[in-house]
Amino acid sequence: MTMQLGLALVLGVAMCLGCGQPLLRAPERPFCVLWNVPSARCKARFGVHLPLEALGITANHGQRFHGQNITIFYKSQLGLYPYFGPRGTAHNGGIPQAVSLDHHLARAAYQIHRSLRPGFTGLAVLDWEEWCPLWAGNWGRRQAYQAASCAWAQRVYPNLDPQEQLCKARAGFEEAARALMEDTLRLGRMLRPHGLWGFYHYPACGNGWHGTASNYTGHCHAAALARNTQLYWLWAASSALFPSIYLPPGLPPAYHQAFVRYRLEEAFRVALVGHPHPLPVLAYARLTHRNSGRFLSQDELVQTIGVSAALGASGVVLWGDLSFSSSEEECWHLRGYLVGTLGPYVINVTRAAMACSHQRCHGHGRCAWQDPGQLKVFLHLHPGGSPGAWESFSCRCYWGWAGPTCQEPRPELGPEEAT
């Protein structure tokens, strides 16, 4: 599938930021694609310009990895996140119970003030992947956190029998983990209230690929769904959701759409928890495949970015590491992919989402598939730039609007109530 887009389309791409309104809450932006790749060195060190703005991709100033449009906080960059290193070394006590919540929040507040301007309106993504805040979610290598919690309970409650110590270990871990995650989000939202705060990879889905094609459906695992229901407090404390739609290595192309669809549908399900209006859902997607380093093909962009737009997501965040700007050759390689494949598709999808919004939703909502089970029609412009037929799409109204086509003003559903 080839997108034939003229210069007029490139020049006509609207920016995600405008009029000082928070990112993604400006009513004219039904779908955004954001750049979370540390590519500043391409221009600064090698003189290779990446025309992200012209291609409809929102990036930080100077294409820095951290900035006012998007900032991701890794485990050592916000507060005192406890975890075990690869060799078992405990950092910040290793487990949530060992961390002083007051000290954690004080350090996090200092880092937020230092990293984000007071008027920050972008995405604030917390990447804490070492443990799950629910005891049952810590299996495999994460069982180290259960073992350390049991040892903690034995020290703190030496007179209890082993079963009671296990109960104390579980309760202590879950209570401390919840406090760390919930209060960190609350702190961020208090200090930078116009930003969109949430944790990367949440909600989880458990529909990864394990090499068995005969019974793969793409549905989320029942245990993952149950854990997400238990994490009601996390969704209530968030102001955006950032699920991952990284295509698993070896996943056959026939299953790409189901894999992405069910991950996003689970995010839409929990996005309503604790909020009068659904939280924005922005899926994290990779530029390349994890094992091979091969860039996503046109069809794979359709099954990630295209499916996200057609399901009604607020946007997609494109992630990459320093390898993309490690040399002049890599920078030219990245530029070629941007200009030849990724950029034209992003322009097409974002303009199609805009056209559908205005045609079906009075410009006050985003289009989403009426029946996600019939994923035949995408938000694509035809070659030459003409809009498609949007009969397969219904409207998801922005804050402050309601009705089948988002034509009814509802001031009581304004952003201040919804966040």
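The backbone N, Cα and C atoms fix where each Cβ goes, glycine too.
For Glu129 (active site, proton donor), the same-chain residues that are 6 or more apart in sequence and have a Cβ closer than 8 Å to its Cβ are Lys75, Tyr200, His201. Summarising the annotation, Swiss-Prot assigns active site, proton donor to Glu129 and lists similarity to another entry as the type of evidence.
The disulfide bond annotation in Swiss-Prot covers Cys42-Cys331 (among others). Cys331 (disulfide bond) falls within a helical segment according to DSSP. Around Cys331 (disulfide bond), the same-chain residues six or more apart in sequence whose CB sits under 8 Å from its CB are Ser39, Arg41, Cys42, Phe46, Val48, Leu50, Phe324, Ser325, listed in sequence order.
Positions annotated as disulfide bond by Swiss-Prot: Cys205-Cys220 (among others). DSSP classifies Cys205 (disulfide bond) as coil under the three-state reduction.
What Swiss-Prot lists as disulfide bond is Cys356-Cys367 (among others). Here the Cβ of Cys367 (disulfide bond) has 28 other Cβ atoms within 10 Å, regardless of which shown protein chain they belong to.
Long-range neighbours of Cys395 (disulfide bond) (same chain, six or more residues apart, CB within less than 8 Å of its CB): Arg360, Cys361, Gly365, Arg366, Cys367, Ala368, Pro404, Thr405, Cys406. Secondary structure from DSSP puts Cys395 (disulfide bond) in a beta strand. The disulfide bond annotation in Swiss-Prot covers Cys361-Cys395 (among others).
Per Swiss-Prot, disulfide bond is recorded for Cys397-Cys406 (among others). Every protein chain shown contributes to the tally, and the Cβ of Cys397 (disulfide bond) ends up with 22 other Cβ atoms within 10 Å.
What Swiss-Prot records for 352-407 is domain 'EGF-like'.
The feature N-linked glycosylation site is assigned by Swiss-Prot to Asn69 (among others).
Counting Cβ atoms from all protein chains shown, Asn215 (N-linked glycosylation site) has 5 others lying within 10 Å of its own Cβ. Residues or ranges marked as N-linked glycosylation site in Swiss-Prot (evidence: sequence analysis): Asn215 (among others).
Taken from Swiss-Prot, the feature signal peptide applies to 1-16.
For Cys220 (disulfide bond), applying a Cβ distance below 8 Å and a minimum sequence separation of six or more within one chain yields Cys205, Gly206, Asn207, Tyr262, Arg263, Glu266. Counting in whole angstrom, Cys397 (disulfide bond) lies 13 from Cys356 (disulfide bond) by their C-alpha atoms. Asn215 (N-linked glycosylation site) sits 41 Å from Asn69 (N-linked glycosylation site), taking the C-alpha atoms as the reference points. In the predicted model, the domain 'EGF-like' (352-407) shows an average pLDDT of 88.
Asn69 (N-linked glycosylation site) sits 25 Å from Cys356 (disulfide bond), taking the Cα positions as reference.
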